[in-house]
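Here's the structure, in structure tokens; my notes come after.
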Amino acid sequence: MSAFIYNNSNNNNSMRLCVMGDGGVGKTSITIQFISNHFVNCYDPTIEDLYRKQCLIDDQVYMLDILDTAGQDELNAIRNHWIKSCEGFILVYSVTSRSSFDQIQSFLDQIKFLKSEKVPIIMIANKSDLDDERQVTYQEGENFANRFGMSFMEVSAKYKLNIDEVFNQIAQHCVKRRCDHIYINKSIRNKNSIFKKFNQKLNNTFHSICKMI
């Protein structure tokens, strides 16, 4: 069950994030550790869960709506519906599973296919505390993330290593993207206004010349 009841809201201070990755990489453990500050080791396979938490980002309070997605292929349709509505994405693999790392590319492709523009994405490697079972090096993860312009961290849901940092960073990226959009839209409106005034002045000048002739 979800940790918080979800209420649909158009509040500008509400932000939708999506946690994606193969089954068994610890998406739910990561999310619950962030939401409730405790580690869940045994958990039923997730279908779709939505969690909520208030966070202070750049001196402003935001309500984070965090979708913990299913890893199963048969639930792609549900996942696709939610991807379209999310602002930022956390892609998760396990350092103990080479196959989960290889699957990150497919999740990236899915986001690019469903989103019409570039969105903030951070890639994280969970279970960094299980170094003896490691199949993916830190350098491999960092190189892959750099190739696709993503931030990268290794985390441990069990020991809450870098968990808060991950969610704070993706939320900050989303806030910056919102601000950039506002600035761009304002610049476009200003340019359109200047262009309109210039055309009006040009037309007035033209009419004045015509009257003189």
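Backbone N, Cα and C define each Cβ position, glycine as well.
Predicted, not measured: the structure shown is a model, and the values here were computed from it.
In this view, Lys27 (GTP binding site) is surrounded by 27 other Cβ atoms within 10 Å of its Cβ, with every protein chain counted. Taken residue by residue with DSSP, Lys27 (GTP binding site) is part of a helix. Marked as GTP binding site by Swiss-Prot on the basis of similarity to another entry: 21-28, 68-72, 126-129.
According to Swiss-Prot, the feature S-geranylgeranyl cysteine maps to Cys210, an assignment based on similarity to another entry.
Here Swiss-Prot flags Cys210 as cysteine methyl ester, drawing on similarity to another entry.
If you average pLDDT over the motif 'Effector region' (43-51) in this model, you get 69. According to Swiss-Prot, the feature motif 'Effector region' maps to 43-51.
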Among Gly21, Gly24, the most crowded of the binding-site residues [Cβ within 10 Å]: Gly21
Distant-in-sequence Cβ neighbours of Ser128 (GTP binding site), under 8 Å, six or more positions away: Val95, Glu154, Val155, Ser156, Leu161
Gly21 (GTP binding site) in three-state DSSP notation: strand
Surrounding CB atoms that lie within 10 Å of the CB of Thr69 (GTP binding site), all protein chains: 25
